[in-house]
């Protein structure tokens, strides 16, 4: 005996007035850095002929996905922290689930594609132009977006059949599907099957591609005799490994480690890592550690 919820309350972070200001400034700063960093990376890749290669084609799409992910989440956090408005309409919550799931799975497969690209470049350099042709790169990126779309459609359809009692409080700062399923007052068996199947099939598959690629890359690197060759090969992978570690680490903690509802206190901090921190750090990691990006930036400045 309960009324269908028309909105959800996003509990987010429990903060006092002083902490609220600090949180707002931190999230605002991170969002501005995310916008400028990812837009700058996309612009630089498009403008510089030096970066017209498969690796930077994938990186440009990763920057776009990071930009979208952050825009879906962070502005709503800023409104909640600044105005104290923690309510989100049911339709808005479903829209956030759809778009967020779309870009998270897309990012998983873009990272897997980038790992495969590094595998071909290091382990089969002579075949690289043939294997990573423009047509194949385009298909790999399109496939990543289609897998993300398939996942988000399936998750949203399963969520739309659930019943939520009013009031419903989400102990996060955005509408996360795993938390929403646990809040439902109806039978969640089908939704749990879809959620776990999607997480295992799509998430684990993309992680396995990354893992197998880098195991092969490391074994190939160890067989390279000159130390200079090893350093050059490692430098092309270090940035991607840093991004993969932070992104997948947070996702594993959130969705693949079983735990009770009472032990989910770290979820909000893990979700901050892959929704706010990772999109902000990715362009910085790739620009600060990558000599080609630095050289492209210097050439672009000289032209201007």
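Using N, Cα and C of the backbone, Cβ positions are placed for all residues, glycine too.
Per TrEMBL, domain 'G-protein coupled receptors family 1 profile' is recorded for 37-286.
The feature transmembrane segment is assigned by TrEMBL to 21-44 (among others). Remote same-chain residues near the transmembrane segment (21-44) are listed as 13, 15, 51, 59-60, 63-64, 66-67, 70-71, 74-75, 77-78, 81-82, 276-277, 279-280, 282-284, 286-287, 293, 296-297, 300 (criterion: CB distance under 8 Å, separation of at least six residues from the stretch ends).
For 56-83 (among others), the entry in TrEMBL reads transmembrane segment.
Here TrEMBL flags 89-112 (among others) as transmembrane segment.
Within the chain carrying the transmembrane segment (162-181), a Cβ under 8 angstroms from the stretch's Cβ atoms is held by residues 2-13, 72-73, 76-77, 80, 88, 90, 92-94, 96-97, 100-101, 155, 188, 191-192, 195, 254-255, 264, 267-268, 271, 275, all 6 or more beyond its ends. Feature annotation from TrEMBL assigns transmembrane segment to 162-181 (among others).
Marked as transmembrane segment by TrEMBL: 201-225 (among others). Nonlocal intrachain contacts for the transmembrane segment (201-225), taken as residues 6+ away from its ends with a CB within less than 8 angstroms of a stretch CB, comprise 105, 108-109, 111-112, 115-116, 118-119, 122-123, 147, 151, 233-234, 237, 241, 244, 248, 251, 255-256.
Among the features that TrEMBL reports, transmembrane segment is placed at 237-257 (among others). Beyond the ends of the transmembrane segment (237-257), by six or more residues, the same chain brings 104, 107-108, 111, 114-115, 118, 122, 176, 178, 195, 199-200, 203-204, 207, 210, 214, 217, 266-267, 270-271, 273-274, 277-278, 281-282, 285-286, 289-290 to within a C-beta distance below 8 angstroms of the stretch.
If one looks beyond the transmembrane segment (269-288) by at least 6 residues along the same chain, the residues whose Cβ comes under 8 Å of a Cβ in the stretch are 27, 30-31, 33-34, 37-38, 40-41, 59, 62-63, 66-67, 69-70, 73-74, 77, 100, 104, 172-174, 176, 239, 242-243, 246-247, 249-251, 253-254, 294, 297. The feature transmembrane segment is assigned by TrEMBL to 269-288 (among others).
Beyond the ends of the transmembrane segment (89-112), by six or more residues, the same chain brings 5-8, 58, 61-62, 65-66, 68-69, 72-73, 76, 141, 143-145, 147-149, 151-153, 155-156, 159-160, 164, 174-177, 180, 198, 202-203, 205-207, 209-210, 213, 240, 243-244, 247-248, 251, 274-275 to within a C-beta distance below 8 angstroms of the stretch.
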